[in-house]
C-alpha cells in the first residue's frame, strides 16, 4: 500500500509537470493530494487525523478555485493552454489558488497547524515534494499580476520571519521557515524564474537536512535537542550550522539565494521592496 501511495505522489506531480492543459494539471494536483492523505493519517492518533482533515479541506478548496479559474479562462478566451493565460481575472484567481495550496501568507494559517500534527517523515514530504507541482504551474503562467505576487511575497516574508519567533515546537518553526522562504521565491518569480528555482532547490536541501536531523534525534521541540549532544556529538555540532543556513546568515549557503534576490530586485529598480524584504528577514 505504501509503495502505491508513493507512486501516486510521484505520478500526480509528474502529470502536472508534463501537462499543458489545465484539466490535466488539475487532475495531477488531485492525485497528489489523494495520495498523501492516507500517509498523513496512518498513525491514527487524533492530532494526525485533525491535521489530515485540515489539509484535505484546504487543498480541496484550492483545487476547486483552480478548476473554476481555468474553466472561466476557457469560457473567456476559448482555450485551455496553461502558457497562454491572457485574461487578468482567471490569472489572479489561479495565483491565489496556488498561494493557498503551498501556504503563502495571508492564506498560510493551515500550514503550521497541519505540519505540527504530522510525524517527521510525512512532514518532510509536505514541506518539499508537495511544493513542486504548484510551482511548476506558477512558472508557466508568467507574466502574471505583478502587484499580487509582490504583496504575497512581502506578506509571507514578514509572517514567516516573525511567526516563528515565539515557537518552541520544531515542526512549527520549520513551517514558518517554509512560509518565509516561499515569500522570497515569489518576490523574484516574475523577474528571474531561474533564481526562484535556485532558491527552491536550496530550501529543499536545507529543510530535508533539518528534518533528517530531527528524525535521527527523535526531537520534536527545542528542549529535546539539548540532550542530543550525548547521542550524536558530530551531528549536534552540525545542527546550528544548518539552522543558521536556513535562516540565511552569511557566509553559509542559505545566504546566497537571498543575496541574489536582493541584487535582482535592486536591478529592477525595486530597492525599496528589497529593503523591506531584508528588514522582515532580520
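Every residue gets a Cβ built from N, Cα and C, even glycine.
Please treat TrEMBL annotations as automatic predictions, because they have not gone through curation.
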TrEMBL annotation of transmembrane segment - which of the ranges 127-146, 147-166 it falls on: 147-166
Quick test of your reading of TrEMBL: among 21-39, 173-191, where does it put transmembrane segment? 173-191
Transmembrane segment according to TrEMBL, located in which of 234-252, 253-271: 234-252
